[in-house]
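Each remark here refers to the structure printed beneath this line.
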Amino acid sequence: MKDIILIYMICAPISMIGSLFIIITWLLYAKLKNSGSNFIFFQAISDFFFTSKYIITIIFYYINIPQFSDETSSTDTNPYCFSLGLFSQFFGQATIMWSYTMTVKVFHSYFEMKKKNNNNNIGSNNIGGGGGGNNSNKQNSIDKTLKWYHLFVWGFCLVNATIIGISKQYGPSSTGCWIVGANNPYRFFELVPLYFTITTSIIILILILVKMKKSKPSSLLPTESMRYNQQAREFKIQLMKFVLIFIIFWLPATVLRTLEYFGIEKTFFILLDAVSVSLQALANSLVWATSPQFLKLMKRKVVNKPNKQMEREYLINK
């Protein structure tokens, strides 16, 4: 228990700072906002609140609120641990679902881009750019699509967390306040989405990587189209990195909960889960800070060179 608390004390504050870094820079710089980075922004919000669970866990530990147990009964659960368990389930699912929507987004945009390249329609060929009515229509389409993503993610998380709460299944667990009982069937409300999202994300990533390896930019395309295709490719790779981080950092939690359900010794995975899940937000912030778009923007802010036409520099922006 003390080892877990120590891990939370080290990892959680760093990860929360990482999430805030993404949130603040996204809000400050319009050039970082596009149809893909919207997903990164909302995942960062989910990460921030989910990681704050670990700060609350530390506080509960030092004020002696029970939250670590392998008991299967939830009859003695205090309201504080119950509330933290519900909070954790909601934002944990939000982190998972926003990661999954990134997978869907990059898969859809990649094959949408392939169709546009085949038609060689340069004028309407950008994700968030263009001109005149095409730009306005495209932005309206993006806004409507994002609304559906919001409805899916937040609606799913609310229903998922509420059903478990109504059934009074939140309480102390091996890693803090969550769903009580290692072999509690209600844990499949967490495991099934994890199994599904991790499996489909791996399959989609492999398919896209194979396609990207086979596809080669055409030197016959106009300069602007070539630059756009390169930038679009860079941004898809960035989104894929976020998806890969989700797979890597949530895999230990998936293995842990699966082993717990079957009653297998899992001390190593308890500690690994504490490290990986609490550090996911930090890993996301590192990908965000090292992206070509962010680095170019920061370079221009620091060097302060005028007339660099940032509107044309990143054509994939809205």
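Numbers here mean position along the shown chain, with the first residue as 1.
Every residue, even glycine, has its Cβ placed from backbone N, Cα and C.
Under the DSSP three-state reduction, Cys177 (disulfide bond) is assigned to strand. If you look up Swiss-Prot, you'll see Cys81-Cys177 marked as disulfide bond.
Annotation source Swiss-Prot lists topological domain 'Cytoplasmic' at 25-38 (among others).
According to Swiss-Prot, the topological domain 'Extracellular' annotation covers 60-83 (among others).
The topological domain 'Cytoplasmic' annotation in Swiss-Prot covers 105-145 (among others), and the record cites sequence analysis as its basis.
Residues annotated as topological domain 'Extracellular' in Swiss-Prot, with sequence analysis given as evidence: 167-187 (among others).
Taken from Swiss-Prot, the feature topological domain 'Cytoplasmic' covers 209-234 (among others).
Taking the topological domain 'Extracellular' (256-267) as a whole, pLDDT averages 85 in the prediction. According to Swiss-Prot, the feature topological domain 'Extracellular' maps to 256-267 (among others).
The topological domain 'Cytoplasmic' annotation in Swiss-Prot covers 289-318 (among others).
Swiss-Prot lists 4-24 (among others) with the feature transmembrane segment.
Taken from Swiss-Prot, the feature transmembrane segment applies to 39-59 (among others), supported by sequence analysis. Only residues 6 or more beyond the boundaries of the transmembrane segment (39-59), in the same chain, are considered here, and those with a CB under 8 A from a CB of the stretch are 5, 8-9, 11-13, 15-16, 19-20, 22-23, 26, 33, 67, 84, 87-88, 91-92, 94-95, 98-99, 101-102, 105, 149-150, 153, 176-177, 239, 242, 278, 280-281, 284-285, 288.
Feature annotation from Swiss-Prot assigns transmembrane segment to 84-104 (among others). Residues 36, 39-40, 42-43, 46-47, 49-50, 53, 56-57, 60, 67, 149, 152-154, 156-158, 160-161, 164-165, 170-171, 173, 176-179, 189-190, 193-194, 197, 200-201, 204-205, 239, 242-243, 246, 250, 280 of the same chain lie 6+ residues outside the transmembrane segment (84-104) yet bring a C-beta within less than 8 angstroms of a C-beta in it.
Through the fold, the transmembrane segment (146-166) approaches residues 35, 38-39, 42, 82, 86, 89-91, 93-94, 97-98, 101, 179, 186, 189, 193 of its own chain, all at least 6 residues removed from its boundaries and within a Cβ separation under 8 Å. Taken from Swiss-Prot, the feature transmembrane segment applies to 146-166 (among others).
Residues or ranges marked as transmembrane segment by Swiss-Prot on the basis of sequence analysis: 188-208 (among others). Below 8 angstroms of C-beta separation, residues 89, 92-93, 96-97, 99-100, 103, 106-107, 110, 160, 163-164, 179, 236, 240, 243-244, 246-247, 250-251, 253-254, 257-258, 261 of the same chain, each at least six residues beyond the ends of the transmembrane segment (188-208), sit close to that stretch.
Outside the transmembrane segment (235-255), and at least 6 residues removed from its termini, the chain residues within Cβ reach (under 8 Å) are 34, 36, 39-40, 43, 95-96, 99-100, 102-103, 105-106, 109-110, 127, 191, 194-195, 197-198, 201-202, 205, 208-209, 212, 269, 272-273, 275-277, 279-280, 283-284, 287, 291-293, 316. As annotated by Swiss-Prot, transmembrane segment applies to 235-255 (among others), with the evidence given as sequence analysis.
Through the fold, the transmembrane segment (268-288) approaches residues 3-4, 7-8, 11-12, 14-19, 21-22, 25, 40, 43-44, 47-48, 50-51, 54, 95, 174-175, 238, 241-242, 245-246, 248-253, 255-256, 259, 294 of its own chain, all at least 6 residues removed from its boundaries and within a Cβ separation under 8 Å. Sequence annotations record features per position, and here Swiss-Prot assigns transmembrane segment to 268-288 (among others) based on sequence analysis.
For Cys177 (disulfide bond), applying a Cβ distance below 8 Å and a minimum sequence separation of six or more within one chain yields Thr57, Phe60, Gln67, Tyr80, Cys81, Phe82, Leu84, Gly85, Ser88, Tyr170, Gly171.
Sequence-distant neighbours of the topological domain 'Extracellular' (167-187) (same chain, 6+ residues past either end, Cβ-Cβ under 8 Å): 4, 53-54, 57, 60, 66-74, 76-77, 80-86, 88-89, 256-257, 260-263, 266, 270, 273-274.
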